[in-house]
Structure formats: C-alpha cells, structure tokens
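What follows is a set of notes on a single structure, which appears directly below.
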Amino acid sequence: MELFYYLVFGALAAVVAAMELSKTNKDRINTSSVFESFKNNYLLVYSLMMAGDWLQGPYVYYLYTTYGFGKGEIGQLFIAGFGSSMLFGTIVGSLADKQGRKRACITYCITYTLSCVTKHSSQYKVLMIGRVLGGIATSLLFSAFESWLVAEHFKRGFDQQWLSLTFSKAIFLGNGLVAILSGLFGNLLVDTLNLGPVSPFDAAAVFLAIGMAVIFASWTENYGDTSESKDLFTQFKGAAVAIASDEKIALLGAIQSLFEGSMYTFVFLWTPALSPNDEDIPHGFIFATFMLASMLGSTIAARLLARNTIRVESYMQIVFVISSASLLLPILTNFFITPSNANGGGITFSGCLQLLGFCTFEACVGIFWPSIMKMRSQYIPEEARSTIMNFFRIPLNIFVCIVLYNVNAFPITVMFGMCSIFLFVASILQKRLSAIGDKPKTEEWTSLKERDTEAEPLDSA
C-alpha cells in the first residue's frame, strides 16, 4: 500500500486524538450523573444499531455479484431499497409517533434482521423482499431513535444543551469508530476466516438482537400525538401543514435533502473518481480514512455545540460552502491536470488531491449530523416528529433513485458539479434559516391541533 494512504490516515488520527485530549472546560458541558447514565445507555443502543447497519454496507453489492446478478439487476435491487424507504417511510414514521417510538425501534431491529436472513437466498424475489424490508428499516433508523431520544430527554427534565452532547457522541461513535471497527470485523469474517459474504449479515443480526434486548430491558415508551381520532391521513395532513406553515421547518427539510442527496451520490462516485483507469486502490482502507475524517468532524461539532456563543445556524453556512468546494476538486483536477490514459497502477497525483478533498467533505459530514439533529430538535414539533422527519426523506429518496437509474448516463464531473451546486444552495438556505431562526413559530400547527381537539367530541357523538 502506498505511503500516501498511511500519511493521510495517520494525520487524521493524530488530529482527532489531539482534539479529544486537549478539551478544556469551555469545550465540555457539565452534566449530572443521571444524565450520563441515560446518555451512555442510548449510545450503547445506537452503536449496536449502527454496527448492524455498517456491517452490511460493504458486502451488499459483492454478495449480489456472487449470486450471478449483473449491474442492471443489482441497480434495481438498490432502487427497490430507496423506493421502499420513500413509500413506506412516512407511514412507519407516523405509526412511530402514534404507537410509540420504543415499539418503532424494536420494529427496526426485527425488520432489519429479517432483511439479513433473506441474504441467505440467491432467489431474486427473496432478495427484492429483503431490500424492501431494508428500506423500511432505514427509515426507522433515521427517525424513530432520534425521536425517542429527544422526547425522553425533555420528559426527564434534562437541559436542552445536553442534547447536543448526546448527538455529537452518537455520531463520533456510531458514524465513526463503529463504522471503522465494523469494516475491520467484516473483513476478518470474509477474508481472514473465509466464512463467506453472508457472514457479515449474520453478525449484523446478532448485534441487532443484542440492541433489541437492551431496548426491551431499559427503555420506556414515549409518543407523539396520541389522539385516538387521528388516522394516518390526518397525521400526514398535520405534518404537511407544519412544513408548509413554518418556513423554518421547510428550510430545514430542503437543507437536509440537498446535503444528504449529495452525500449518498458521493458514495457511488468516489470509487470511479479515484480510479478512473482501474487504478489499484485500497477501498477498505480509504473507507476507514473517510470514517476517521467524519470522526474529526463530529469532534469539531462537539466543541462548537458546547459553546452558547456560537449558533449552529451560523457555522453551518460555512460548512456547506466548504463541502461544496471540496466536491469541485474532481472537476478542477480534470481541467488543470492532464489525465493519465495508462490502465492500472497506483493512485495518480490527481487522485491524491481528490482524496484530500473527499476527506474534507467527510469531515463536513461529521459536523453536519449532530448539527442537523440539534436544529431538528429545535424546530420540528414533538407531536409529529417522526412523520415530519420521514417527509424530509421523500425528496432525498427520489433524488437517489434518479441518480442510481442514470449513474452511467452523465460524466462523473457533471455529477460532482451537480452535488457542488446543491451544497451551495444549501448554504444559501441555511443563511435564510439563520436570519429567521429567532422568530417565534407560526400558529398554524397549534391552530390545527386545537381544531382537531374541538372536533373529537363531535366525532364521538
């Protein structure tokens, strides 16, 4: 492996370690022992859930190829997963608000475990069912757990600023350290122990089962709007009214969709960008480097969120601009550096520059997650938190499906340019959100709830 990869990984590791060890009282939030116990319990569960997710990621495509499926059939399976998340995500989000977030988290464990079981079959229809189940599980992973945490945090009377601490630690562990360890563990199972490409999915099911047991034993139930008269359509309508009537919620949804859409597109683009002529690159080691960069970002976010003088709405404008610039690098290197036509070999000079830019983007991703969680906790009404969060994922899933379907139709530079534009637009929307963030919430959502409450006696009569 070339020295360059070790230098980048080592430099990132040193910076992360230095920032973690050099924290001062200004960078720390004083909490209570009761909160620390609550936080550590959530972090344990979240880490187990993310381990169940990260173990599967690197081997899904590879497993399908071992079953003899081509790129077109595999693309359809991936589209089914994102399409399932789009179609069923809002429904399960609404059920989580009404039936309970703890139940929704347990449902995630069961659904994702069943999805893992389907990987033992080489039948296309069974694998398609697995992708549909996986799409539903993904919607629950990115809504139910956060909704449970926010509601439980305030129900127990903890300080609002302490929530930022849980968010940043969850991303540092779940999207950083756990991702790296999961990649190494999956490599151990498949390559070292030769247990086959299905073994990471079996291991994921074990972690999900352990996490489900912890949820059963230690979590209490909480709900959004529990009005008996409200059906799913009424909940959808209420969530739509909340988004349409409050500009802050609408802006937040647009920002999230633009950033996450660019992020998921990047997942499909970084490999061909770094090896356009089939250069030999260490995919697993580069993935671990990206996750380390994400850990650096979450460490930076923890420091920013710990300071009351710094508004999340303000610094995220800069983060989006930096992320936009980082994804312009493939275009700039293609324009200013003569591309090599030689097949094979090691990573090129252009590839090295792009890798540094991609690490910068991943650091921005690490800052984005706890920061967007913080803003969601401030602006999204508790009554329909899971429903609204899954509403946000509808345009995201549509966008990713379109990209997957047309991934070979456009040059890679066009795709990166599109992502860069999206991220720059996100920075503009973030500036608008920062300008109106201190304004009081509009009354439409409250008025709608009052009308529904007044209508309940008439319905029962």
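Each residue, glycine too, has its Cβ placed from N, Cα and C.
Lifted from TrEMBL, the feature list:
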TRANSMEM  6-22  transmembrane segment
TRANSMEM  43-62  transmembrane segment
TRANSMEM  74-96  transmembrane segment
TRANSMEM  128-150  transmembrane segment
TRANSMEM  170-189  transmembrane segment
TRANSMEM  201-219  transmembrane segment
TRANSMEM  285-306  transmembrane segment
TRANSMEM  318-338  transmembrane segment
TRANSMEM  344-369  transmembrane segment
TRANSMEM  390-406  transmembrane segment
TRANSMEM  412-429  transmembrane segment
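By the count of Cβ pairs under 8 Å, the stretch nearest in packing to the transmembrane segment (201-219) among 6-22, 43-62, 170-189, 285-306, 390-406 is 43-62. Away from its own ends, the transmembrane segment (43-62) comes close to residues 74, 105, 108-109, 112, 116, 138, 141, 145, 166, 169-170, 173-175, 178-179, 181-183, 185-186, 190, 197, 200-201, 203-205, 207-208, 210-211, 214-215, 219, 284, 287 of its chain (Cβ-Cβ under 8 Å, at least six residues beyond either end). By the Cβ criterion (under 8 Å, sequence separation of 6 or more), the transmembrane segment (6-22) is not in contact with the transmembrane segment (170-189), since fewer than 3 such pairs are found. When each of 74-96, 128-150, 170-189, 285-306 is checked for Cβ pairs under 8 Å to the transmembrane segment (344-369), 285-306 comes out on top. Using a cut-off of 8 Å between Cβ atoms, the transmembrane segment (128-150) and the transmembrane segment (74-96) share at least three residue pairs, counting only pairs 6 or more apart in sequence.
Segment contact holds for the transmembrane segment (390-406) and the transmembrane segment (74-96), given three or more CB pairs below 8 angstroms at sequence separation of 6 or more. Counting residues 6+ beyond its ends, the transmembrane segment (74-96) has Cβ neighbours under 8 Å at 61, 64-65, 103-104, 107, 127-128, 131-136, 138-140, 143-144, 147, 224, 232, 235-236, 239, 384, 386-391, 393-394, 397-398, 400-401, 404-405, 407 in the same chain.
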